[in-house]
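**Student:** Structure below; questions to follow.
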Amino acid sequence: MKVLLLFVMVTPADNHDAVAAKEVFLRVRLMHPQIAVVWADSFYGGTLADWAKSFLNLTIKTVSRPEGEKGCVLLPRRWVVERSLAWWLHARRNARDYETRPEHSEAMLTLAVITLMTRRLTRQLIHPTAAAPRPTAAVRAA
(Lines of atoms letter the chains of each structure in order from A and count residues from 1; the text may use other names and numbers.)
(Lines give C-alpha, C1' and ligand atoms only; values in the text may rest on other atoms or scores of the structure.)
Protein backbone atom coordinates (compact mmCIF):
# COMPACT_ATOMS: atom_id res chain seq x y z
CA MET A 1 0.00 0.00 0.00
CA LYS A 2 1.43 3.35 -1.04
CA VAL A 3 0.82 6.51 0.94
CA LEU A 4 0.64 9.85 -0.80
CA LEU A 5 0.96 13.07 1.11
CA LEU A 6 -2.10 15.20 0.43
CA PHE A 7 -1.54 18.07 2.82
CA VAL A 8 1.13 19.24 5.28
CA MET A 9 0.43 21.33 8.34
CA VAL A 10 2.98 21.93 11.10
CA THR A 11 1.68 23.45 14.33
CA PRO A 12 3.35 24.47 17.59
CA ALA A 13 3.76 21.73 20.18
CA ASP A 14 1.30 23.39 22.55
CA ASN A 15 -1.58 23.14 20.03
CA HIS A 16 -3.83 20.15 20.63
CA ASP A 17 -4.05 17.70 17.71
CA ALA A 18 -7.85 17.69 17.77
CA VAL A 19 -7.94 21.44 17.09
CA ALA A 20 -5.51 21.17 14.18
CA ALA A 21 -7.31 18.07 12.85
CA LYS A 22 -10.45 20.07 12.08
CA GLU A 23 -8.48 22.47 9.91
CA VAL A 24 -6.59 19.63 8.23
CA PHE A 25 -9.80 17.72 7.45
CA LEU A 26 -11.43 20.89 6.11
CA ARG A 27 -8.50 21.74 3.83
CA VAL A 28 -8.09 18.19 2.60
CA ARG A 29 -11.81 18.02 1.84
CA LEU A 30 -11.65 21.27 -0.14
CA MET A 31 -8.52 20.24 -2.04
CA HIS A 32 -9.54 16.60 -2.62
CA PRO A 33 -13.36 16.31 -2.63
CA GLN A 34 -13.16 12.69 -3.84
CA ILE A 35 -11.90 11.50 -0.45
CA ALA A 36 -14.71 9.95 1.56
CA VAL A 37 -12.95 7.86 4.23
CA VAL A 38 -10.10 8.83 6.56
CA TRP A 39 -8.30 6.22 8.66
CA ALA A 40 -7.17 7.61 11.99
CA ASP A 41 -5.99 6.70 15.46
CA SER A 42 -8.71 6.03 18.04
CA PHE A 43 -8.00 9.46 19.54
CA TYR A 44 -9.69 11.08 16.52
CA GLY A 45 -12.99 9.24 16.98
CA GLY A 46 -15.94 10.51 18.99
CA THR A 47 -16.91 14.16 18.63
CA LEU A 48 -14.30 14.86 15.94
CA ALA A 49 -15.65 11.99 13.83
CA ASP A 50 -19.20 13.27 14.34
CA TRP A 51 -18.13 16.80 13.34
CA ALA A 52 -16.37 15.52 10.20
CA LYS A 53 -19.40 13.46 9.19
CA SER A 54 -21.95 16.23 9.72
CA PHE A 55 -19.99 19.20 8.32
CA LEU A 56 -17.65 17.66 5.75
CA ASN A 57 -19.37 14.36 4.91
CA LEU A 58 -16.11 12.56 5.79
CA THR A 59 -16.19 9.17 7.46
CA ILE A 60 -13.43 8.74 10.02
CA LYS A 61 -12.64 5.09 10.66
CA THR A 62 -10.58 4.64 13.79
CA VAL A 63 -8.04 1.96 14.58
CA SER A 64 -8.03 1.03 18.24
CA ARG A 65 -6.25 -1.46 20.45
CA PRO A 66 -8.21 -4.66 21.19
CA GLU A 67 -9.72 -4.82 24.67
CA GLY A 68 -7.42 -6.31 27.28
CA GLU A 69 -4.28 -6.23 25.13
CA LYS A 70 -1.11 -4.94 26.75
CA GLY A 71 2.31 -4.14 25.34
CA CYS A 72 3.11 -3.85 21.66
CA VAL A 73 0.15 -4.86 19.51
CA LEU A 74 0.19 -4.76 15.72
CA LEU A 75 -2.82 -2.69 14.68
CA PRO A 76 -4.27 -2.83 11.17
CA ARG A 77 -3.60 0.22 8.97
CA ARG A 78 -1.46 1.85 11.63
CA TRP A 79 1.79 0.43 10.24
CA VAL A 80 1.14 2.27 6.97
CA VAL A 81 1.21 5.63 8.75
CA GLU A 82 4.19 4.77 10.94
CA ARG A 83 6.18 3.46 7.97
CA SER A 84 5.40 6.56 5.92
CA LEU A 85 6.48 8.86 8.74
CA ALA A 86 9.73 6.92 9.02
CA TRP A 87 10.38 7.39 5.30
CA TRP A 88 9.68 11.12 5.46
CA LEU A 89 11.83 11.58 8.54
CA HIS A 90 14.67 9.63 6.96
CA ALA A 91 15.73 12.87 5.29
CA ARG A 92 18.43 14.32 7.53
CA ARG A 93 16.82 17.77 7.56
CA ASN A 94 13.59 16.31 8.94
CA ALA A 95 15.21 14.10 11.58
CA ARG A 96 15.45 17.04 13.98
CA ASP A 97 13.49 20.26 14.28
CA TYR A 98 16.06 22.56 12.67
CA GLU A 99 13.54 24.96 11.20
CA THR A 100 12.50 28.11 13.05
CA ARG A 101 9.22 28.64 11.23
CA PRO A 102 6.39 26.14 10.68
CA GLU A 103 6.27 27.07 6.99
CA HIS A 104 9.89 26.00 6.59
CA SER A 105 9.19 22.65 8.26
CA GLU A 106 6.22 22.13 5.95
CA ALA A 107 8.41 22.90 2.93
CA MET A 108 11.10 20.44 4.06
CA LEU A 109 8.53 17.67 4.60
CA THR A 110 7.03 18.38 1.18
CA LEU A 111 10.47 18.27 -0.42
CA ALA A 112 11.20 14.92 1.25
CA VAL A 113 7.94 13.48 -0.09
CA ILE A 114 8.63 14.85 -3.59
CA THR A 115 12.04 13.18 -3.51
CA LEU A 116 10.54 9.90 -2.32
CA MET A 117 7.79 9.93 -4.94
CA THR A 118 10.24 10.82 -7.71
CA ARG A 119 12.36 7.83 -6.74
CA ARG A 120 9.30 5.58 -6.76
CA LEU A 121 8.18 6.81 -10.17
CA THR A 122 11.62 6.50 -11.76
CA ARG A 123 12.83 3.39 -9.95
CA GLN A 124 12.85 1.34 -13.15
CA LEU A 125 14.57 4.10 -15.11
CA ILE A 126 17.37 4.90 -12.67
CA HIS A 127 19.45 1.87 -13.66
CA PRO A 128 18.15 0.83 -17.10
CA THR A 129 21.18 -1.40 -17.72
CA ALA A 130 20.89 -3.27 -14.43
CA ALA A 131 18.54 -5.86 -15.94
CA ALA A 132 20.68 -6.38 -19.06
CA PRO A 133 22.94 -9.44 -18.98
CA ARG A 134 26.62 -8.67 -18.52
CA PRO A 135 29.03 -9.82 -21.23
CA THR A 136 31.10 -12.88 -20.47
CA ALA A 137 34.90 -12.87 -20.33
CA ALA A 138 35.12 -14.40 -23.83
CA VAL A 139 33.04 -11.62 -25.36
CA ARG A 140 35.10 -8.93 -23.58
CA ALA A 141 38.36 -10.38 -24.90
CA ALA A 142 37.17 -10.29 -28.51
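Here the Cβ of each residue, glycine as well, is placed from N, Cα and C on the backbone.
Since the structure is predicted, the reported quantities are computational estimates derived from the model, not experimental observations.
These came from TrEMBL, pasted as-is:
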- 4-115: domain 'Transposase IS4-like' (DOMAIN)
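Tell me what's around each of these sites.
**Tutor:** Residue counts for the domain 'Transposase IS4-like' (4-115) under DSSP, split into helix (H, G, I), strand (E, B) and coil, are 58 helix, 10 strand, 44 coil.
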**Student:** Report the mean pLDDT of the predicted model across the domain 'Transposase IS4-like' (4-115), rounded to a whole number.
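**Tutor:** The predicted confidence over the domain 'Transposase IS4-like' (4-115), as a mean pLDDT, is 83.
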